[in-house]
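According to TrEMBL:
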TRANSMEM  29-48  transmembrane segment
TRANSMEM  55-76  transmembrane segment
DOMAIN    60-319  domain 'Fatty acid desaturase'
TRANSMEM  151-173  transmembrane segment
TRANSMEM  201-220  transmembrane segment
TRANSMEM  232-252  transmembrane segment
Amino acid sequence: MSKGQEQINLAQIRKAIPESLFKKSESRFLVSVAQAISTTALLAYIGYRFIPLTWYALPIWIVFDFLLGTVAMGIWVLGHECGHSAFSDNKLWNDILGYFLHEILLVPYFSWQHSHALHHAKTNHLTEGETFCPVVLNSKMGKIYQKTKDIIGIESFSIVQIFNVTVLGWPLYLLLGVTGGPSRGFTSHFIVPNKLFPSRMLLKVSLSNIGLCFVIFGLYKWAQATSFAEVMALYIGPYLVVNMWLTIITFLQHTDINVPHYDSTSWNWLKGALSTIDRNYPAWIDSLHFEIGTTHVLHHVFSELPHYNANEANLYFKKAIGDLYHSDEKPLLTSLYQSASLVGVEHKGDGVWFYSKE
């Protein structure tokens, strides 16, 4: 697909979706923000009011924190939309709201906005992509992964990979650039300059770090005024669940045996954007997360399209791209297990790479 053909095809896809669905309504977006924050706050209050902070109540707190973190993930999704300028046509308003929504969840807003823009710009590029870039099966790391899988078995390998993704994935990505683009090597969202963040990003990275410091200081004062147990139960536990969801969503959208990756000889933007996959999330989770997991292919092609129009736009979008649309109807946990069992990609010819079935 040449650059001219890509532009024509992208224009055709855009034309198939009613222009009204691309229009942004700040008031409608703020309704979603109010919904996400109020439901999170209400659920947190219920836990604070009715669940005792005792070891005997630990099993209850684990279930509660899973629910609270799942609800709070909606706040993260809306901050993510602001990073794509899907809230307003005014960039400043997007950044003000996005900064607030993400920093309260310990996300370095401007730093993440930059790395995430690169993720969208180089989606499924084998070496220049950003976030959950696959290892090549016959590379040194690929051979280590395959050997480990052969020794411990597919079940244990999948469980370890799920742990790595859901627990370690987000902090290691922010701190060290783990699963980031191979062409950039070590990167950090907190230090400038590096291969991901050039010197011109110093101010924005610093603003992101300052926001995190204020939130961490607030958590310290909260723990000092009450107890660490309360902060753990009402913030840190749910925070870990939010991290779990955002890494699951990203991992599953870009890791599948049927979704191709491309090297520099064959990659272009539209190929990469369409090489993502929508998953089968439980309806209640999908609703709380504003359908980010079931309209993700659309999002990669038109990231500025607001979430409240995504379901309707997705109907036109799927019809327009036909067989190029990827989706998976298996239960979510089955998809997660199967994707976690994959080791690396191998070349299938013409610059196209797929995960190996072994």
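Quick reminder: no glycine exception, Cβ is built from N, Cα and C everywhere.
Note that the coordinates shown come from a computational prediction; the quantities given were computed from them, not determined experimentally.
Stretch with the most C-beta contacts under 8 angstroms to the transmembrane segment (55-76), considering only 29-48, 201-220, 232-252: 232-252. Over the domain 'Fatty acid desaturase' (60-319) the predicted model carries a mean pLDDT of 97. 232-252 is the stretch from 151-173, 201-220, 232-252 with the greatest number of Cβ pairs below 8 Å to the transmembrane segment (29-48). Here the transmembrane segment (232-252) has long-range neighbours at 44, 47-48, 51, 53, 61-62, 64-66, 68-70, 72-73, 76, 105-106, 131-132, 165-167, 169-171, 219, 222, 277, 279, 289, 292-293, 296, 332, 335-336, 339, meaning same-chain residues at least 6 beyond its ends whose C-beta is under 8 angstroms from one of its own.
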